[in-house]
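What TrEMBL says about this protein:
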BINDING   B:HIS93, B:ASP95, B:GLU114, B:HIS131  Fe cation binding site
2 protein chains.
Amino acid sequence: MTEHTTGRVDHEADLRKAGIRITRPRRIILRIVSETDDHPDAYEIFRRAVKVDKNISLSTVYRTMKLLEEHGTIQRHAFAGGPSRFEHAGEEHHDHLIDVETGDVIEFRSDKIEKLQDEIARELGYDILHHKLELYGRKRRSA
Amino acid sequence: MTEHTTGRVDHEADLRKAGIRITRPRRIILRIVSETDDHPDAYEIFRRAVKVDKNISLSTVYRTMKLLEEHGTIQRHAFAGGPSRFEHAGEEHHDHLIDVETGDVIEFRSDKIEKLQDEIARELGYDILHHKLELYGRKRRSA
DNA sequence: ATGCAAATGCAAATCGTTTGCAACAAAAAA
DNA sequence: TTTTTTGTTGCAAACGATTTGCATTTGCAT
């Protein structure tokens, strides 16, 4: 068994199991998204991929992102105005608190809220695939 | 004083006060967005506007939406994948559940979640000014 | 190794949105 | 009210992000 050097999940095996072909471009893209900390858009992923294999096309990046998204390997974030940005999923989910004054982004997580969301969705007849929660706040000055 | 027939806020006066010209297209668009319950996108607003005045252009709709957004009259929602959708602001706060298959947007509100958010923010040392919660789900097929 | 379905690269198409510009209309000035 | 000023419009063309058609190549089961 070939053990991969990253300590993480073996996505390739995962995808293979789902009947998805592991091609050279896909392997490269997969590596890029699973090794990055930030939230690159398709073009940025393409730019990084080209450094590894000059032939990779932007179309393939887009196609692969869609594939990985459907398979749950990555998550897509759609910001107003700009391109979609992607994030390696499978890490622990978190939400964001944005400091409106400084622009700082604080990550947090609340199981209670997650649970409530599921409840609400169920009541409305839906299953939640994912969600986005952003709190916009100001640092409280202790009176 | 010309009293308008809608029982609501007089946006025209508001905008005038802000030094914004009230033109025929703007008046029509304003009426459409303030009278609808759903979350139309620019093209849908355009479609409705054309019924009132055949000459109105899609560009003007876009320009007006940006204007109204900047002025706080409407709110823009950038849901994943699709076009921006608009909503008349100033109503009671609510969150959104987006049907990933149809694009339908369902409004909901949960005081519990609102309260939890405040709690979390307080723990992190913040006061929440506003927030955005979007659930992306798929309609549950009753087994 | 071989065959075939699936994936690729490329260019062209598509979608949502913005922009340049000449004609036009709203508010200000006369 | 007419004129002037200045912002707004409609149109078409441009744009950025993404998707697609198609001929070629590739993974991978046999």
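Quick reminder: no glycine exception, Cβ is built from N, Cα and C everywhere.
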Cross-chain proximity of binding-site residues to A (CB under 8 Å), evaluated over B:HIS93, B:GLU114, B:HIS131: B:HIS131
Residue with minimal Cβ packing [other Cβ atoms within 10 Å] among the binding-site residues B:ASP95, B:GLU114: B:GLU114
Residue among binding-site residues B:HIS93, B:HIS131 with least C-beta crowding, 10 angstrom cut-off: B:HIS93
For the Fe cation site built from B:HIS93, B:ASP95, B:GLU114, B:HIS131, further residues of that chain with CB within 8 A of the site's CB center: B:HIS94, B:ARG109, B:ILE113, B:GLN117, B:HIS130, B:LYS132, B:LEU133
